[in-house]
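The Mg(2+) 3 binding site annotation in TrEMBL covers B:Asp25, B:Asp70, B:Asp206. Feature annotation from TrEMBL assigns Mg(2+) 4 binding site to B:Asp25, B:Ser40, B:Asp70. Feature annotation from TrEMBL assigns Mg(2+) 1 binding site to B:Ser41, B:Asp42, B:Asp117. Residues or ranges marked as Mg(2+) 2 binding site by TrEMBL: B:Asp42, B:Asp70. Taken from TrEMBL, the feature substrate binding site covers B:His49, B:Asp264, B:Phe320. As annotated by TrEMBL, ATP binding site applies to B:Gly116, B:Asp117, B:Arg141, B:Ser208. Under the heading Mg(2+) 5 binding site, TrEMBL lists B:Asp209. The domain 'PurM-like N-terminal' feature in TrEMBL is assigned to B:23-133.
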Number of protein chains: 2
Amino acid sequence: MGEFDLIARYFQRPTSRAVLGIGDDCALLQPATGMQLAISSDMLVEGRHFFADVDPSTLGHKALAVNLSDLAACGAQPLAFTLALALPRADEAWLAAFSRGLFALADEHGCELVGGDTTQGPLNICITVFGEVPHGQALLRSGARAGDDVYVSGTLGDARLALEALRGNITLPPGWMAAARIRLEQPSPRVALGMALRGVASAAIDISDGLIGDLGHILRAAQVGARIDTAIAVDLLAGDVDGRVAQGVFHHEARLACVLAGGDDYELAFTAPVSARAAVEAAALEARTPVTCIGNIESAPGLRLMDAAGQRVSGNFASFDHFA
Amino acid sequence: MGEFDLIARYFQRPTSRAVLGIGDDCALLQPATGMQLAISSDMLVEGRHFFADVDPSTLGHKALAVNLSDLAACGAQPLAFTLALALPRADEAWLAAFSRGLFALADEHGCELVGGDTTQGPLNICITVFGEVPHGQALLRSGARAGDDVYVSGTLGDARLALEALRGNITLPPGWMAAARIRLEQPSPRVALGMALRGVASAAIDISDGLIGDLGHILRAAQVGARIDTAIAVDLLAGDVDGRVAQGVFHHEARLACVLAGGDDYELAFTAPVSARAAVEAAALEARTPVTCIGNIESAPGLRLMDAAGQRVSGNFASFDHFA
């Protein structure tokens, strides 16, 4: 199977929103009047971002999901994406499953594949995604102000537990493992929440490298600090049933480490003024995505982790850095 | 050096045309009113698209050049690009040289780096480029009509000769090798010509996989055929001085094979109605890029290669396919 057959068979589909899709030197997009184009690009490498034996359909899902998560963090509506793919060989079963997982998520978000590249090489997946956001309404990292509440969406840390379980370092109860593995391999980008938070959140970021690391970007961008209530945060681990199983399986510090620095969560961390609390609740309802207030922004730089007694929590919760 | 230091040191620069560049979850572009956004993505893999010991500054140049060449083929003006980079390790000398070559070409075309990704992995460079083209004026592959002239820009085949020389298969005279190596490693995307051909060319494509293969895309897109005068085409090999050295070094068939199917040329192949001959000449002058008429479009499908005596040339000039 040649390069062009491969594209035609597994990736070329009619486009409805793009002016021109796969098949020419360029794709053509026509953003609606008054819209800005939000762009993000992520590269996934075997052994670094996924195991060699991962189900290719979940890999197709995840490769797009991590990009959609960046659009979500900006409050952008997904529009289209390009896919560049290096493959050791043209494996038809792999391609069929990969493209099935990819397009299932793409269709869910009305996001069209409009172009890309295929080549032979060590497995590498690079997706660049395009979304629309009304002029001036993109959520940025830089808008946090002292006094703002700090929120996170959904749950945190379970993807890291699934990763450690797959590495053989821990064992999770079966029901929990199944759910945690979905969090790791098929994360749900919080696109609806990001769009609902336009004009409500003062700053936002998606949590891909761990809460502490990614929240740190928000703090540095605005030169502010934050106080985080770890007694609330620790319960963000989904666990089996409302975290009750989690409490029985792992001690407090292990659960907290997963929540604060697990990585691969693809939830949103965001800030909003206290006056917007009702609006945040309404946005969460509209997006059918739970959000939890875990602390607040302070003018003094730095991140302060507090326990239930109001004491500083010590401990080194390092973030994930690809070159550290 | 961590991932964020690496980005800050080698890749983060102020943007002037993009609304938002590197440093947030997404970049933001605001296409001008009436403009469509042209998008292309190319992935370069070590051992497939470049040698492991290639000068990293020429690699930076080429990684962007092959993408700008796609914009050129659509007649789009470069605006911005994203860079996703998998690196075996954070080698500062390599990064400094790579980014220098990359930004030198980017600056030449007013094309800003607005975002991307870095990760550890087998060396892989994925650039996605964005350009603007007035609504409805993009050059497409599909517009060729019977009777149109067929043109190519610049010269063809020398990049392939440089590749064969670097592989040790042939020896080129030193002056020719130096020039041919620039064609292979630092191609000049024909951006100005593409823009000048808006409203003039009926179809266009960039020649990356060889003239025959890429011209074939134009023919299939319009369900037409072409007659190519190989006596003219063979002289498109640049050689040392007007191809005179080329004639002495390689026999006719070898030169023709390089011109027709060499690959890595990054010239434009385009068609235009006979009535537009003066306009094509004017576009070439405006873009300071020579163009040569090498044949014409015919209604009967297929590509017919003719010699000086008007006889069909036989021979299998295969195109480059990454999975053939």
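Cβ atoms are placed via backbone N, Cα and C, with glycine included.
Whatever TrEMBL says is automated annotation, not expert-curated.
Here the features listed in TrEMBL are painted onto the structure.
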residue	record	DSSP class
B:Ser40	Mg(2+) 4 binding site	strand
B:Asp70	Mg(2+) 3 binding site	helix
B:Gly116	ATP binding site	strand
B:Arg141	ATP binding site	helix
B:Asp206	Mg(2+) 3 binding site	strand
B:Asp264	substrate binding site	coil
Which numbers of helix, strand and coil residues does DSSP report for the domain 'PurM-like N-terminal' (B:23-133)? 36 helix, 47 strand, 28 coil
Among the binding-site residues B:Ser208, B:Asp209, B:Asp264, which ones place their CB within a distance below 8 Å of a chain A CB? none
Integer Cα-Cα distance in angstrom, B:Asp264 (substrate binding site) to B:Ser208 (ATP binding site): 5
Among all chains shown, work out which of the binding-site residues B:Asp70, B:Asp209 has the most CB atoms within 10 A of its CB. B:Asp70
Tell me which of the binding-site residues B:Ser41, B:Arg141, B:Asp209 ends up closest to B:His49 (substrate binding site) in space, Cα to Cα. B:Asp209
Does B:Arg141 (ATP binding site) have same-chain partners at least 6 apart in sequence with Cβ under 8 Å from its own Cβ, and which are they? B:Ala203, B:Ala204, B:Ile205, B:His217, B:Ile218, B:Ala221, B:Ala222
Please determine which of the binding-site residues listed here (B:Asp42, B:Asp206, B:Asp264) has the lowest count of neighbouring CB atoms within 10 Å. B:Asp264
Would you pick out, from the binding-site residues B:Asp25, B:Asp117, the residue whose Cβ has the largest number of other Cβ atoms within 10 Å? B:Asp25
Find the one among the binding-site residues B:Ser41, B:Asp70, B:Gly116 whose C-alpha lies closest to that of the residue listed as 'Mg(2+) 5 binding site'. B:Asp70
For B:Ser40, B:Ser41, B:Ser208, listed as binding-site residues, tell me which one has the smallest number of other Cβ atoms within 10 Å. B:Ser208
What is the Cβ neighbour count of B:His49 (substrate binding site) at a 10 Å cut-off, with all protein chains included? 20
Work out how many Å separate B:Ser208 (ATP binding site) and B:Ser40 (Mg(2+) 4 binding site) at their Cα atoms, rounded off. 14
Taking the Cβ of B:Gly116 (ATP binding site) as centre, how many other Cβ atoms lie within 10 Å? 24
Students should find that the Cα atoms of B:Gly116 (ATP binding site) and B:Asp25 (Mg(2+) 3 binding site) sit apart, in Å rounded to an integer, by 10
